[in-house]
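K.L.:
First the structure, then my questions, so here it is.
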């Protein structure tokens, strides 16, 4: 909404009302006509401007902006002003408050034309020399300014280069993510620059993102098919992705373009000899938890690597690839050690898209088997070891199991542990199934396993006791792990102070299970009394006992009766008994 | 009557305060610069299409933005130079606004005003940007020189720093000549000659100077329009300089409130618009006197001002209109923004017959 006031300063005044109304009408008509014209023109104008705009934008993009006559940047000057005064007439020549950074070339005094005496003394050569010096200085200064003036990096290509430099700086300082960001920005600005994707690929390689690195190398090579580094980097990525053949092709390509390229030669040799090298790791294959018959293993090891037809039986292939990777990796690792500051990083990629490549860090990894029933092994199933994270105390107490050949981690032979565990095993249900109990402890039957080839036993035996818990939650967890092994549980309980339970917050089941262990003989009546009293003092106890069923209450009664032998806590035990009686 | 009409063609409500609106030269687009309620900067590009403003880009900058200009960039690039509330001046390419082309911490306090010269085929010489800030300094920047201004204009030691509210370039008729005018909150107007690096003229208008504009940047300086608080504005005739009296000027009143903005029509330098704190827009026309200078008794020349007549007065809103920009491509098309978080595309008709 808007109002229009019509000013009429010194303008036509209406004579008669009739005239004025006519005039008004005419004005209104004129106004609306003018507006209509304007608006019509406006739509056309909009369309025109869109075209012009786009044209200009395209021009900006395509233009290799050569600064035609870019005026030099002003040299810095500081100008001081005073406020509030109404000083007029400050003519520049009188009031120069400038700080000239500029040239203070002394001009020699001009000799007047009629001063013949002076002219006689005038030395032409020196004057010439000095004047040419002056000119040079002026030129130098302007050149300096010119060089200092960084022409506006509005050109996208230049900006892309600047981003590349920034990215390189980040790369060399190790900030790879930032480097990648800069390269990406540069690539957005200038998609024709082949260096940017190549550099980004290198950063990805360092970050072990081999698929991304390979993609970047592909991009780069599309832009510049002769870019050696891109081939090398792609080969590295491919090796780490398991694409050995393609990697070999890349190295060969490099050698085509640069026959003297040492890196390519070396890597190519490695890749090719990896096939030939007799795997010391053939034994490793046995350790894999696969169903492989002995004769299959031997045949597999003899077959050459590059035979694609082997990919019939997935089992074999996986096996073979495991070996390949393992072999390849060992050789490469060795090479890396020999190399000094080698460019190539032989880092095993943990997550690979290709299912063929196996996590080589765990050569003893368990793999699924897919074989028809009549081909499966007749041996009984071996139990799978589950690695249990042990505490320091437990490590010290019970050293780890068996030495596994070929792995770099040293393990102590633990026959004693095996012996120790036999009695506890005897209690347990020794089923032949591939079971491990919920606790995740090692349930290897020592009688069955052969010591020299026990990949499962590489994990620690969880004969380790957890340390004294600090919170009731920790206690509950540890207890649940141990509750099946009564002796362990008892030992664990013993290391905990009874006082702990006064502030412990346990649920009913855990409570009952703890109290039931108190029943065993290994805990003396005194200790049992201490524990049970501690429990009774805990906050949740009264609530818990309200919800106990008969058998659980019996457990408590048993413990109480055991404690009644103990004299020192008599009154308290009796109180507890009364409490229980009241509840039931 | 042949009076031009002032009509609102498009009214667009925003969810942030727009402090400045500018047409993007050679296009039907405009850019609106302001700050979101949470203190981040808002930069939006709209395009006029069939009676409405279509939002093309919406960029959020880290800090609230105060002012912007296209004045120093070429027509192909049309980079926008913006000043923000923290004193940072950036030049950004609207095609990729996240990456500024140039960025510098220009001032320690908010940049109140910014102006550019020698871009867009207006003005000769090196393209430069002037910024004026609450810290009392006026700095001139060249996008080719990083981090340091090419000229700094600061109060003398011991003098009180007055907020600079407005800057304007002018007199850029040759590659060397250039004049920069700065207006301060105490009414000071100072004119600096950048060729000789000296203060050419100072004056005090007794009310804070909200806006300054030369009628044309690329001719020998002709007129200077200054708008101030308390509904006054001045026109100085810059053709004749008298060493004691300075420049001749006329004063007029309008809007009955602060005159926020005064802008000359790009297609006709005698027509200008003033916007007021009462939400109104007034269209004025200046006419020259018969003789633009007269000789005094002591032989010195002093300038003579003409007169200014109001052509139209239109109230668009109840809140102050703080920013106004004529479209350089279509005569009569303009955009304005105010404290009511609205931008309006305003049409002024019949300007060619005025």
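Placement of Cβ uses the backbone N, Cα and C atoms for every residue, glycine included.
TrEMBL: automatically predicted annotations, no manual curation.
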K.L.:
Of A:48-74, A:129-155, A:156-182, which range does TrEMBL call region 'Disordered'?
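P.N.:
Residues A:129-155 are the ones TrEMBL records as region 'Disordered'.
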K.L.:
Of A:15-37, A:84-106, which range does TrEMBL call region 'Disordered'?
P.N.:
A:84-106
K.L.:
Can you identify, from A:358-414, A:415-471, the stretch that TrEMBL calls region 'Disordered'?
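P.N.:
Checked against TrEMBL: region 'Disordered' maps to A:415-471.
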K.L.:
Across the whole of the domain 'RNA-polymerase II-associated protein 3-like C-terminal' (A:468-553), what does the mean pLDDT come to? Round it, please.
P.N.:
80
K.L.:
Would you mind splitting the repeat 'TPR' (A:228-261) into helix, strand and coil residue counts from DSSP?
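P.N.:
The composition, in the requested order, is 28 helix, 0 strand, 6 coil.
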K.L.:
Using DSSP, how many residues of the repeat 'TPR' (A:160-193) fall into helix, strand and coil, respectively?
P.N.:
27 helix, 0 strand, 7 coil
K.L.:
Using DSSP, how many residues in the domain 'RNA-polymerase II-associated protein 3-like C-terminal' (A:468-553) fall into helix, strand and coil?
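P.N.:
Residue counts for the domain 'RNA-polymerase II-associated protein 3-like C-terminal' (A:468-553) by secondary structure: 60 helix, 0 strand, 26 coil.
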